[in-house]
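Everything below concerns the one structure shown next.
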Amino acid sequence: MISRRSFCKKSLLIAGGLAIPLSCLELFDPKRLLAEKDDTGARWVFLVDTRKCVGCGFCVKGCKVENEVPYDANVTRTWVERYIVTKDGKTHIDSPKGARDGFPNKGIDIGHGRLEEIKDDDIEKAFFVPKLCNQCDNPPCVQVCPVGATYQTADGVVLVDRSWCIGCGYCIMGCPYGVRFFHPVFHVAEKCNFCYHRITKGMQTACVDSCAFGARRVGNLRDPEDPVTRVIMTERVNVLKEEYGTKPQVFYLGLSKEVK
Amino acid sequence: MVHGEAWTIKEFFTYPNEYIYWTIQIVMYPFMTGLVAGAFVLSSLYHVFGVKQLKGIARFSLVFSFALLPVAMLPLLMHLQQPLRGIEVMMTPHFTSAIAAFGIVFSTYGMIVASELWFVFRKHFVETALSLKAVEGRSALQQGEYLLFSILTLGAWDISHEALETDERAVKKLAAAGIPVACFLHGYAGFIFGSVKANALWMTPLMPVIFICSAVVSGIALCILTYILTMEIRKQLARRRRLAHPELPSMEELKSAEAHVVAMTSRYLLMFMVAAITLELLDLIFRGYTAVKSWDILRSVIYERDFVNIFVVQYGLGNLVPFVLFLIPGLTIRRAAVGTVLVLLGVFMMRWNVVIGGQAFSSSFSGFMHYVLPIWPDSMETLKEGFFGAMIVAVVPFCIFYVLNKVMPVFKETH
């Protein structure tokens, strides 16, 4: 009869022996390797021209309607910030309701429902900056997701699987740009996905379509003839928070040093 | 209403999507995990390093660590927006995430503690099962007990001297293996925060080490406190029972045993406290000295907005006062009890200041967020992530400990 000791030893050996070849199957999944090497498709990027944005907030409205983000909820996939730099060197920033209704007040929103009035004579410069998910090349949100519900497609867009997200909020914490939030209806992590359902069909994103001033554009970085790619390659563009090493893929024209 | 809106107050410029997303449950998580790890390290001091004076508290802290273990998971579950999917962290972990380590570390640690407990209490299981077997005409309750203890023996009925010595050796090995795993269990909780590069307050490689040191501090403090409380109850019980059974230890015997164990354990508590405070202060000084871009807003949070929480409650009440209390010669039980309560408060506030303080400022470095702890719940959300949710997490380990103590009596030897 087999002794308990030898039974334990042998079953450990068999389990270990089985585990090694099985893990190799996962390591060398040819389909996955091919998908990772695939650089023939598109690489979606975004171009924001801050010199053209007037802060009307149509893009925010358009995005909310297109992407089923509740209209009155105080979260948004994209927003517009207003910057007012006064002559004393101070920077005043606000984005009431993400600028969904534009900027109806002249005063700067400083929270608690209070407004800070700034005299016209004190203003040195003022401008608007639209923000959205940067679809980073090195996305920290994908890195930190404990179940892989946030993932990056081969064409560079970071997506969230709503049926898989556990709602821990680690990705929200990991994003330096504050673009992520919990969807008030689905209770999972939510973010801008460059209107993936539209751009993959050759359409423009909802915010690009809503912008009457051409301040927002979406393009394919792997197509040298793409007008957006040409701007990024030939003009002086900038990105947000480069110091985090996330390699953001939303490029800005006319970015000012005050932008946070 | 958006998640987080119920308890977040914003001031100046914050990004529109920013709220306090990690609330009191995420404060409770490292706090409870720390207690688990700390209690285990305390029990290992006797089992591995042979600190004989800690024999009295070693078994106690081991069982207590096991009671705390399932509770380390509870705050995470209560915090998840999709709690039913929580198991996926174990089933389909994505290993680039620090949280994914949870399943492996947690279950490894659980198995180590469970098997160590089995070796420690095997003799008791066998003896109880045998004594119940001998009873003629067992009642339903006794039959149930007999079945339970027979199963717990796992078929190993040998309690000869040699077999028990083998058990001892196994306990030693398991306890030794458990120390790094316990440290890892809590170190990775620190890593979860320390690796978030988007957060200026959390982003430091010291975070896991700071967490481990304060974990051991909190674990030892809770063990001392619970030990004192249980001993008090036992003293009262002993007084009553001694009338019927004079062979039981007298109140004086119990008292001196208690004082001795508490004094010894406090010394280890002090050692780990020094390490924990040194590291925390090092981190603070280093940030001020290097003063990178984020220092401006960090300084205003640390020295102005959270001044009372950090310097008065955490460092003052939670570290300095108990430090003095323990250092004054002739430690009494009452003083030790007050000291350990304050130490626990200090460690809790340290977790609070890290988790909530880390979210007190916007990623834009231009605005602040204030967290208002929901007391009276008006929805499931404010119940789970409010005061009562935290209280549930705090009370459950004591209930589990009570049940475990029925199966694995921690004070049996002194009976």
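Just so you know, glycine gets a Cβ as well, placed from its N, Cα and C.
Heads up, TrEMBL stuff is auto-annotated, nobody curated it.
As recorded in TrEMBL, the features of this protein are as follows:
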TRANSMEM  B:20-45  transmembrane segment
TRANSMEM  B:57-78  transmembrane segment
TRANSMEM  B:98-121  transmembrane segment
TRANSMEM  B:174-194  transmembrane segment
TRANSMEM  B:206-230  transmembrane segment
TRANSMEM  B:268-287  transmembrane segment
TRANSMEM  B:307-328  transmembrane segment
TRANSMEM  B:340-361  transmembrane segment
TRANSMEM  B:386-404  transmembrane segment
Revision key, fill the gap. Listed stretches B:20-45, B:206-230, B:268-287, B:340-361, B:386-404 vs the transmembrane segment (B:174-194), most Cβ pairs under 8 Å: range B:20-45
Review point. By Cβ distance under 8 Å, which residues at least 6 away from the ends of the transmembrane segment (B:20-45) in the same chain are close to it?
Key: 3-4, 7-8, 51, 54, 57-62, 64-65, 68-69, 71-72, 74-76, 78-79, 109, 113, 175-176, 178-179, 182-183, 185-186, 189-190, 193, 211-212, 214-223, 265, 268, 347-348, 351-352, 354-356, 359, 369, 371, 373, 384-387, 389-390, 393-394, 397
Practice item. Tally Cβ pairs under 8 Å between the transmembrane segment (B:340-361) and each listed stretch (B:206-230, B:268-287, B:386-404), then give the stretch with the top tally. Key: B:206-230
Study note, to complete from the structure: Other same-chain positions with a Cβ less than 8 Å from the transmembrane segment (B:386-404) and lying at least 6 residues past its termini are 7, 23-25, 27-28, 32, 35, 63-64, 66-68, 70-71, 74-75, 78, 226, 373-375, 377
